[in-house]
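Taken from TrEMBL, the feature transmembrane segment covers 20-43, 86-106, 112-135, 147-164, 170-187, 299-321, 336-357, 369-396, 402-420, 440-460.
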Amino acid sequence: MTTLHSPSHLPPLKDRLKEIFSTFFKLGYTTFGGPAAHIGILYGEIVEKRKWIASEQFTELFAICQALPGPASTELAYSLALVRSGFLASVAPGAIVMTVAGILIGDVSETIPLWATRLEQGLAAAAVGLVALAAYKMSTTLATDKLTRILALISGGASALYTAPWLLPVLMIAGGLTSWIFDAYLFPLSNGWKEKRAHRKAQGELDGKKDDLEQGHVTNKEAEATASASTEDHSEVDAPVTIIQSANADAEKTPSVLGSIRSRNKAEVATLDGVKGDLAQEFEPESQYRPLFTYSKKLGFFFFLVFLALLVASILVRALVPESTTASYGHLTATFYFTGSIIFGGGPVIIPLLRTYTVDSGWMNDKQFLVGLALIQSLPGPNFNFACFLGAVSMVRANQSGVVGAILGYLAIFFPGLILKNAIIPFWQSVREHKSVKMVFRGVNACALGLVFSATWLLFDQTNGFGGSSGYHSVIASAAFVANGYLDFPAPLVIILGGAMGAIEYAVADL
């Protein structure tokens, strides 16, 4: 078992901050491959190498991040920094590159040269393959039964056919309510009915055996009346009686046996809980596994109020400020904060919603959106850095500062998840195993998975909207899927190869 550092044995604050900066500075340049790869890198660096926390606590923190809106891998890194009583100190090279790219691409006119279009289509087609791979990997853990698969199908189909801004959060809320109703009420009723039917069937079979044995007993009695009795005959006669009595005893015992099994299971659970309680008391008040978060629940509740107030403000701004094809600082900030507050599932899930709020609103065109999407796939760091690109492009097209737009977009989309993390930490231990919470998020995650699948189709459809060979673009997407998922090609290399294949299309078909 991994040993944690108690507060009295932690290094001085200055040394801890230095350690945090050196750790996350390096990770800022090496975390390629998306959220799944980020989690593996963080586990190896923090748990195995530096031994900041135990493996069990790492897993619990990760589970909380999965249940909160925003980028799960970034929230996990933020939580691990808090364990060290520091802050997330890391240069974000991906965000910087996306900002510069957004400023440059925002000045590009609508008439992009054909060679640039084909290059962009190759990059975008490769990005489609990576998004499809993410959807496939997510499905192996999020859609494991009929209910979650149906919810994913409904969510994916609805989001592929309709693009209303309110649709995506409604789908996730409906999915959460559906899974809660099924898991809390319908499934228990169904299981109880199946158990009763199985019990009646077993009882019927047992009664049939009793009747057969009783019939055999009567036949033996008749034979005894007509033949001379002997010791061996008596033993043959008594045997069925013994079997009948045994069968009767089994029939009467069946409910009690089932009850004793349930009681024994409950006793075992109670014993385990008692052991856990004894261990907790043994290590208190200086338990080695006590979380290193010292602020109170009142402060956590204050953080939640801040999150809620900003969410209400963002909704009001979006509702009261008239929609325009030209972005403004206030509307951009409100839109990205609202998006960061309602998206569960990380970067792939946020793509369709961001496209709805930026492209459909007229803040940028499809080509610019797809170029940024392809670029973010080839850079280290979270996919939420895409907000820097979108903010820069939107404001440059509105004749405003692209740098300010990138900063506002970056802060607005990351802030909801991080401040919610601060709010949840004091309370999470008391609710982390609550069945209702798990039930709700089972449906939410399934609907989020459906959004990723629909994003794959929508992005591929957009890629083919600028001409070229759709079959060839399918080949690029498929090659990207296989290269990254099965041949272990890194995502940056896959994107570069996709761009090269797009250039080949231009050289062969358009020159």
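Note: Cβ is positioned from N, Cα and C throughout, glycine not excepted.
Small disclaimer: the values here were computed from a predicted structure and weren't measured.
Counting residues 6+ beyond its ends, the transmembrane segment (147-164) has Cβ neighbours under 8 Å at 139, 171-172, 175, 178-179, 182, 352, 356, 360, 442-443, 445-451, 453-455, 457-458 in the same chain. Through the fold, the transmembrane segment (299-321) approaches residues 328, 330-331, 333-335, 337-338, 341, 415-416, 419-420, 422-427 of its own chain, all at least 6 residues removed from its boundaries and within a Cβ separation under 8 Å. Using a cut-off of 8 Å between Cβ atoms, the transmembrane segment (170-187) and the transmembrane segment (402-420) share fewer than three residue pairs, counting only pairs 6 or more apart in sequence. Within the same chain, residues 28-32, 34-35, 38, 70-71, 73-74, 92-99, 101-103, 105-107, 120, 123-124, 126-127, 130, 327, 329, 332, 336, 340, 346-348, 350-351, 354-355, 358-359, 363, 402-410, 412-414, 459, 462-463, 491-492, 494-496, 498-499 sit at least 6 positions outside the transmembrane segment (369-396) and bring their C-beta atoms closer than 8 Å to a C-beta of that stretch. Packing against the transmembrane segment (112-135) from elsewhere in the chain are residues 34, 348, 351, 367, 370-371, 373-375, 377, 449, 452-453, 455-456, 459-460, 462-463, 466-468, 473-474, 476-481, 484-485, 491, 494-495, 497-503, 505-506, 510: each is 6 or more residues past its ends and has a CB under 8 Å from a CB in it.
Within its own chain, the transmembrane segment (402-420) has Cβ neighbours under 8 Å at 65, 68-71, 74-75, 78, 95, 98-99, 102-103, 106, 303-304, 306-307, 310-311, 327, 329, 332-337, 339-341, 384-385, 387-396, counting only residues six or more beyond its boundaries.
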